[in-house]
Amino acid sequence: MIDSVKSFLGWFFVTGDPMIYGADASIALVSIGIVAVLTYFKKWKWLWNEWLTTVDHKKIGIMYIIAALLMLFRGGMDALMMRAQLTLPNMHFLDAEHYNQVFTTHGTIMIIFVAMPFIFGLMNIAVPLQIGARDVAYPFLNALSFWLFFFGAMLFNLSFVIGGSPDAGWSSYAPYAGAEMNPGVGQNYYLIGVQISGIGSLATGINFLVTILKMRAPGMTLFKMPMFTWSILITSVIVVFAFPAFTVALALMTIDRLFGAHFFTIAAGGSPMLWANLFWFWGHPEVYIVLLPVFGIFSEVIATFAHKTLFGYAVMVWSMVAISVLSFITWLHHFFTMGNTAPVNAFFSISTMLIAIPTGVKIFNWLFTLNKGRIQFTTPMLWALAFIPNFTIGGVTGVMLAMAPADYQYHNSYFLVAHFHSTLIAGTVFGIFCGLHYWWPKMFGYMLDEVKGKWSFWIFMISFNICFMPMYFLGLMGMTRRMYTYPAGLGWTPINVVMSIGAAGMGIGFALMAYNIVWSAVRGKKDTTGDPWNGRTLEWATASPAAEYNFAHIPEIKSRDAFAAMKEARAAGHAETVPPYKAIHMPNNTGIPVIMSAFMFIAGFGFVFEWYWMGIPGLIGVVACMIARSFVYDDHHYIPVEKVKQTEAATGRLS
Amino acid sequence: MNGTQKQLKAGFPWKQVIGLILSLTLTFLALWIAVGLSLPVHVTIAIIVSLAIFQAFIQLFMFMHVTEGTEPVHQLMGILFGIYVAFTVVAGTLWILAYAL
């Protein structure tokens with residue numbers, strides 16, 4: 001009896017590595033600490049009422065960003081562990097199996113649990129404010145999206161200490177990711193954790209598509225929208241059309257692993273290549289899901305701090321539309337070398353190179369926006385300016401990789417790794433840091449410190465180049481990705497040492513940014529105006545942070561850069577009449593999204609371990625939550641006029 | 001308040017129930033044709049593809065409010081983009097895997 005319990009525990013918990021025991025201890029300590037603090041300060045009720053049950057897009061945005069920052073920390077630690085292992089030849093810091101798990105979780109976490117939720121957080125905060133709306137179209141669904149992402153991410157992270165991490169790479173190619181070659185629960189964690197949060201992503205795409213199409217303030221035609229909102233509209237379309245392919249692929253592989261089907265095993269008539277095909281049919285548009293929104297952020301920030309209207313607005317929009325159409329016909333370039341016919345490779349080679357055209361057009365539009373502007377070098381602007389040259393290097397090497405014959409040389413070398421980090425760090429990461437500094441006062445009502453912000457920028461940006469510039473040459477020298485160690489005498493060692501120094505520098509830059517967040521929370525400059533940057537778009541017309549209902553009066557829009565136009569009219573002395581307030585219709589808070597997602601987590605955990613006694617009741621719980629929700633009729637309330645007056649007076653907006 | 005009354009007045013959702021029954025029928029019909037009957041492959045494929053197209057129309061009209069909405073151009077563009085993506089994934093996959101299958 002005791003022996004069987006022992007053997008179960010030894011199999012259930014990951015054992016044998018001192019680092020894992022350290023993680024076990026710290027997870028336990030942090031959990032106990034959080035519970036103790038919440039209990040001691042009697043904050044449980046506050047947590048439930050103000051955060052866990054909220055449907056307010058601004059709070060959901062903040063929760064997305066907190067979760068994404070935590071995940072960024074975890075993904076960054078994975079990166080540092082890999083760099084530590086590769087700094088010198090023949091290192092024994094990680095063994096081969098552990099190294100495989102680390103690069104798998106690094107990739108999956110950075111794309112699915114950092115880049116996407118960070119962008120979803122920023123769009124939750126900014127988009128409804130930019131279009132003059134009081135919330136998103138489906139506030140309940142929005143909360144559900146967040147909690148599905150959150151519990152999906154938690155399930156995935158649990159693999160580290162319970163059961164074992166996935167180790168087949170973030171792209172999880174069949175047949176290695178299949179049940180025969182990869183027994184155990186690690187790969188199930190990947191499939192089910194990503195699936196759960198993917199449902200949330202799909203719902204977010206639908207939600208913002210509808211919000212932007214249907215909830216714009218009167219007078220705001222599509223071509224008067226701020227560029228960030230445009231980028232989110234197009235991103236939402238890509239999400240809605242690309243994610244189903246991934247959902248299906250994950251489901252098929254889950255059926256393969258759990259129920260013994262053979263969609264991706266060649267021996268029984270399946271096709272391993274079909275996995276690569278479906279994965280990248282989602283995976284390539286996914287690249288644009290995490291890039292187009294930051295293009296939108298940079299457009300806002302560059303226009304704001306160049307003090308000019310954005311150059312070539314319509315061209316910017318149409319180039320994003322072109323990118324969205326092209327993004328669906330380039331997926332094969334991720335597996336040129338898997339054995340296709342020459343015409344196939346030729347087609348996808350050309351379609352990939354075509355994407356460089358609209359992207360290049362956007363780069364020139366940003367440069368022309370800067371031209372003759374009065375440029376103000378704030379922290380967000382520094383991130384935006386650094387993006388242009390650094391991202392362009394990633395773009396140019398992308399065109400090199402797009403040439404199928406040349407790709408036979410570059411494929412799976414560190415040249416490729418350097419390329420996609422050049423685009424994803426200089427594009428997405430610079431973009432989310434830029435947006436974080438830019439919208440921080442709107443989220444919390446105080447500024448992040450500029451001096452510390454600039455230090456963290458310079459350290460991170462320079463270290464990024466120290467880390468990833470030499471990596472291109474390392475790739476050309478023949479080092480391939482995903483190798484866990486290498487022999488001495490190949491000439492790779494000096495470059496690897498330099499790269500590890502750069503990686504450590506990026507860690508320091510991020511730590512400084514985290515310190516800046518904590519420091520500014522205590523001593524940061526308060527933003528009493530609601531418009532600290534002299535912004536051009538509507539979100540700056542609200543108080544910082546915006547009231548629960550965003551706008552006491554929904555503004556009438558007459559032109560692009562609506563808030564800049566309002567400020568000009570005010571300066572020209574046009575008197576504004578404030579019409580009487582009306583009661584404001586708002587959605588009620590609800591606990592169903594978090595409870596339903598918790599059931600999803602239970603179901604997911606059950607299916608990971610193939611414990612159907614746990615998985616099926618979990619799913620029944622999910623369905624019960626859906627049924628409960630369909631009988632909720634009392635789902636909205638009105639904020640009375642008196643309360644609106646009080647809130648507006650408190651922010652000094654009642655003349 | 002008005003919303004609540006409207007929801008209550010809407011009555012029994014016959015349209016959705018009929019849509020659900022039709023969808024289930026078509027799905028199991030397709031399954032039975034593929035598994036239960038042994039027709040020639042191209043006949044099976046022709047039948048289940050036409051059932052699938054019929055099912056897509058049921059989804060669009062009975063669940064997805066394709067005839068409602070203030071701006072038909074949104075519906076049209078959505079459907080066109082959907083057809084583009086569906087065509088791309090099916091035709092592209094067949095072309096890519098033709099050599100591997």
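A Cβ is built for glycine as well, from the same backbone N, Cα and C atoms used for every other residue.
TrEMBL: automatically predicted annotations, no manual curation.
According to TrEMBL, the features are:
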type     : residues  : note
TRANSMEM : A:20-41   : transmembrane segment
DOMAIN   : A:42-558  : domain 'Cytochrome oxidase subunit I profile'
TRANSMEM : A:62-82   : transmembrane segment
TRANSMEM : A:102-127 : transmembrane segment
TRANSMEM : A:139-162 : transmembrane segment
TRANSMEM : A:189-210 : transmembrane segment
TRANSMEM : A:230-253 : transmembrane segment
TRANSMEM : A:311-332 : transmembrane segment
TRANSMEM : A:380-402 : transmembrane segment
TRANSMEM : A:455-474 : transmembrane segment
TRANSMEM : A:495-518 : transmembrane segment
TRANSMEM : A:590-609 : transmembrane segment
TRANSMEM : A:616-633 : transmembrane segment
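When each of A:20-41, A:62-82, A:102-127 is checked for Cβ pairs under 8 Å to the transmembrane segment (A:495-518), A:62-82 comes out on top.
Using a Cβ-Cβ cut-off under 8 Å and counting only residues 6 or more beyond its ends in the same chain, the transmembrane segment (A:20-41) has close neighbours at 13-14, 47, 160-161. When Cβ-Cβ distances below 8 Å are used as the criterion, the transmembrane segment (A:616-633) is approached by residues 140, 590, 592, 595-596, 599-606 of the same chain, each at least six residues removed from its ends. In summary, the transmembrane segment (A:590-609) lies against the transmembrane segment (A:189-210): three or more C-beta pairs, each 6 or more positions apart in sequence, are under 8 Å. Proximity of the transmembrane segment (A:62-82) to the transmembrane segment (A:189-210) is not established, fewer than 3 Cβ-Cβ distances being under 8 Å for residue pairs spaced 6 or more apart. In the predicted model, the domain 'Cytochrome oxidase subunit I profile' (A:42-558) shows an average pLDDT of 95.
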